[in-house]
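Visitor: The structure's right below; bear with me while I get my questions together.
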Amino acid sequence: MTADIIDGKAFAAGLRARIATEVGGLATRGLVPGLAVVLVGEDPASKVYVGSKERLAREAGMISTVHRLPADTAQADLLALIATLNADPSIHGILVQLPLPAGLDPQAVVMAIDPAKDVDGLHPINVGNLTIGAPALVPCTPSGCMMLLRDRLGDLSGARAVVVGRSGLMGKPMAQLLLAANCTVTVAHSRTRDLSEVCRTADILVAAVGRPRMIGGDWIRPGATVIDVGINRLPPEPGQEKGRLVGDVDFDAARAVAAAITPVPGGVGPMTIACLLDNTVEAACRAAGLERQRA
Ligand SMILES: Nc1nc(=O)c2c([nH]1)NC[C@@H]1CN(c3ccc(C(=O)N[C@@H](CCC(=O)O)C(=O)O)cc3)C=[N+]21
């Protein structure tokens, strides 16, 4: 079998186009969704992601601001910026890029964000609402994975899903979303015994561990749908400036076994940003008391 490649890049472009149409409609009613991204320090990968978020938000017709702070920013100064953004009526979504430099407390920072503006879905109010099945702002990467899965498989009821990774930004909310979609969900991680065997039970395998090509072809059930969330940069080849990006799955090996797989790049990554824009529109509509007018 040669797996189909799930084109997240194309899906994300379509989603952004629909969001742009919706934003155009909202603008005629006087509502322009606004996104503020906060970047502390100089992490090169984070700089690239933040730049893309800013550009794509503007291309969708939204207000987009980036606040770049030095790596030695004091916790109190970061909290003061968040308080200002919480109080700014033109800003509907706030995202503080993670990881933060050492010395800053990410938990305290996330708790300081108004839950209604928490477009990362990390505030305990949103985490709790997702868990109990109440309306919530949902973390962008797992939302994007669910859209790709639903587009490919339709109803997910009864599927055996294995999520490898248990982070608050990805693994845990992914498990909640799969459970809400009636999957039988296993959350595996670095301490899971017989990890490869657990993975082989999966109809849906979601890899979010952050270890380049850890998941081999023989970890995958024939016919499975594989969602690779990993974004790992390999060391540069001799004579090259940058190493290539690879996922957590050995793509070539997996392709021979799975029914469908997301590539890296061009899979989940672009969906993350499109879902961030979607969450910002959602937050703006809720703040204004308007129904969504999805295109
Ligand atoms: N508070 C917070 N929220 C996040 O959502 C968040 C974060 N912090 N910190 C870092 C991770 C990573 N992340 C990505 C977003 C887009 C791509 C993306 O667009 N990737 C492209 C290209 C990548 C490239 O070429 O470098 C692709 O996969 O095709 C990747 C990764 C959001 N994150």
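Cβ atoms are placed via backbone N, Cα and C, with glycine included.
So TrEMBL has the following annotated:
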- Gly165, Arg166, Ser167, Ile231: NADP(+) binding site (BINDING)
- 6-120: domain 'Tetrahydrofolate dehydrogenase/cyclohydrolase catalytic' (DOMAIN)
- 139-286: domain 'Tetrahydrofolate dehydrogenase/cyclohydrolase NAD(P)-binding' (DOMAIN)
Visitor: Can you list which of the binding-site residues Gly165, Arg166, Ser167, Ile231 have their Cβ under 6 Å from some atom of ligand 1?
Guide: Ile231
Visitor: Return the residue, from the listed binding-site residues Gly165, Arg166, Ser167, Ile231, with the maximum count of other C-beta atoms within 10 angstroms of its C-beta.
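Guide: Output for this query is Gly165.
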Visitor: What's the longest C-alpha separation between any two of Gly165, Arg166, Ser167, Ile231, the listed NADP(+)-binding residues, in angstrom?
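Guide: The two farthest binding residues have Cα atoms 16 Å apart.
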